[in-house]
Amino acid sequence: MFPPIINATLWTADQGANKTQNKVLFGYPLSIFFIVVNEFCERFSYYGMRAVLVLYFKYFLRWDDDLATSIYHVFVALCYLTPILGAIVADSWLGKFKTIIYLSIVYAIGQVTMAVSAIHDITDTDRDGTPNNMTVHVVLSMLGLLLIALGTGGIKPCVAAFGGDQFSDHQEKQRRTFFSVFYLCINGGSLLSTIITPILRAQDCGIYSQQKCYSLAFGVPAALMLVALVVFIAGNGMYYKAEPQGNIMLDVCKCIGFAIKNRYKHRSSQYPKRQHWMDWAEDKYAKLLIAQIKMVLRVLFLYIPLPMFWTLFDQKGSRWTLQATNLNGNFGLLVIQPDQMQTVNPILILTLVPVMDSIIYPLIRKCGANFTPLKRMAVGMMMAAIAFVCAAVVQIEIDKTLPTFPSASQSQLKLLNMESNPVTVHAHDDFFTFDTETVGISVGNSSTVKNITLAKGNRKTLLITSSINDNWTNDLISKPQEGNNEIRTQFYIFILFAIILCKHSFYFLMIRTIFTIRSGSQSCEYSRDFGFGSSYTFFIPSTFVFGPNCQESVTVAEDIKPNSVHMALQIPQYFFITVGEVMFSVTGLEFSYSQAPSNMKAVLQAGWLLTVAVGNFIVLIVAELAKLPKQWAEYILFASLLVVVCVIFSIMAHFYTYIDPAEIEAQFNKKVDEVEEEEDDKSELQKLEMAKKGSIKSHEDEDDADKRTKM
């Protein structure tokens, strides 16, 4: 997360006077309090929805990991493309206030649409908890995400700049404080929403059947967006609303386009060459504007390698969240949901930004090292690469604990003894993974071999009694979803088979579930502690007797081991990626602002957001084309690509010369003034000469008149 676009605004004396008439509270315009509350609610809405989005794709829409990751990053990319459109609309036509209002309405409609798309009951005709028409939910969710991307991206460049417009020229100190509080609201809204919405998602809700409550997890952010809209409108009478004055980005694009077009027209060797290709725009545009664009292009050239950083950074909301579903989130006093691990990022941001600015960077300067902004950005890239190496190490540890499931050409068989007496089982293979469809099994001392037909790609359990019968149970061929535990109870008193999903709450100190076995008025409670993502089979024998020790009669078979790799192992990768964000993102914005002309900062901000969008599209390409068999290999691939890009960026940064745009503009204006003074001097001289000639001519005319008079 980084600060939004802040456009520079120039005010006239009359405009400044109008601002002083606004209501003031504690030295601040009262209108900014509505803007700050609006920003907090909007950021809560956006990050809350985004925190559970990839799990919604995987577990509600039933998409695989690659498709869920791809659509997630397409959405994020759109959110960083639309700010350019919002800035142009606000500065050229509607103004900031109307743009925020109209696009916030679009934004709220999108959030409500997402909440409706997650209600499984609207298409669950057979009331089994699974939607029967998934197309309806997919269409609604894609429509909702499109509207959200348009809304959140469109208002991004407007809200902060609109807040800055509320201050007069003599309130520079208050304006700086406002932007600090504004950025704090961004991180505060992100932090709270990333904690709260996963808790809401983990609850069970539904009209006919109880399922994970994605509708509530999307509904609360939708409600917060409506609150943000109402609060912003409530301050309508207090706002200062600057009129649209045109967008500099359009002027820049027109000037660049004219230079390219003019250069192409004069490509023949008969035309003299010019020092820079932008100089071909001098036929139509001012030299100062061309000089400013040249400075911007030098910085934009350095932006070319930057998307690779965002390719890695934004995967903390997709791949890393999916990785957390295979981890143990039991931290003793609380249980962390997989999508709640993202809260580590805003917590570290709020901690590391002041630490880096107040301690780390000053210490480096005292050591005599020239730690320039571009060097910081390169180190930030390396930190992100290290974070993905850490993610790969965690993934390798996870893979060691995952069971080996059958491939499409294999089948797996598990044999369970349902009798009280031991039974010796002889199989034709030492392993229970078979490439053949038929397996012969004999029980005890019997010479009779029972041929069992297996289905390829499936995992089954055969219940062994005194004879081999077709007592089958279908086993899972993947880990239980969302860290749940699958419990199977086998009652052999009367042949009854059931599958129960063990549901645990975030508030449980221990993941413990109590099962109650009932027969008439008699009951027996059986309790057990579970981990995450395990599968068990409980056997209740025919000799089961109700009583105080009834639990001892229940036999437990562990089909799939619980997640044994702890979620705390993800903390190092979050630490390195956040250090990389502070050194790369915050420093990159500061560098861009320092190297940009005063009226071109919005252009560089647009270019910066474009790098974020391109980075997310790179994730889409790699996820769909690479198709690496192991997830850890994909993490290493991304880390390696970023290291290569970091080397290229370092070489480019080595040849970059830092400039002072204000000084260059001042020198340029001085030259322009000198030229104008010379032209003025020439004009005065011409006037004097003309006046002198006129005087001489008038004397000559007088002499001629005298001569005519004498004659």
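For all residues, glycine too, the Cβ spot is worked out from N, Cα and C.
Database features, via TrEMBL:
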{"type": "TRANSMEM", "residues": "20-37", "note": "transmembrane segment"}
{"type": "TRANSMEM", "residues": "67-88", "note": "transmembrane segment"}
{"type": "TRANSMEM", "residues": "100-119", "note": "transmembrane segment"}
{"type": "TRANSMEM", "residues": "139-159", "note": "transmembrane segment"}
{"type": "TRANSMEM", "residues": "180-200", "note": "transmembrane segment"}
{"type": "TRANSMEM", "residues": "220-240", "note": "transmembrane segment"}
{"type": "TRANSMEM", "residues": "295-313", "note": "transmembrane segment"}
{"type": "TRANSMEM", "residues": "347-364", "note": "transmembrane segment"}
{"type": "TRANSMEM", "residues": "376-396", "note": "transmembrane segment"}
{"type": "TRANSMEM", "residues": "491-511", "note": "transmembrane segment"}
{"type": "TRANSMEM", "residues": "605-623", "note": "transmembrane segment"}
{"type": "TRANSMEM", "residues": "635-659", "note": "transmembrane segment"}
{"type": "REGION", "residues": "679-711", "note": "region 'Disordered'"}
{"type": "COMPBIAS", "residues": "683-711", "note": "compositional bias 'Basic and acidic residues'"}
Give the one range among 220-240, 295-313, 605-623 whose Cβ atoms make the most pairs under 8 Å with those of the transmembrane segment (67-88).
-> 605-623
Counting only residues 6+ away from its ends, which parts of the chain sit with a Cβ under 8 Å from the transmembrane segment (605-623)?
-> 5-6, 66, 69-70, 73-74, 76-78, 80-81, 83-84, 87, 157, 249, 299-300, 303, 306-311, 313-315, 318, 588-589, 592, 634, 637-638
Within-chain partners of the transmembrane segment (220-240) [C-beta distance under 8 Å, separation at least 6 from its ends] | 15, 18-19, 22-23, 29-31, 33-35, 37-42, 44-46, 48-49, 97, 100-101, 104-105, 107-108, 111-112, 114-115, 162, 165-166, 193, 196-197, 200
Contact between the transmembrane segment (295-313) and the transmembrane segment (376-396) (3 or more Cβ pairs under 8 Å, separation 6+) = yes
So which residues does the transmembrane segment (180-200) touch in its own chain, when a touch means Cβ under 8 Å and the partner is 6 or more beyond its ends?
-> 1, 3-4, 35-36, 39-45, 47-49, 51-52, 160, 163, 213, 216-217, 220-221, 224, 337-340, 342-343, 346-347, 349-350, 506
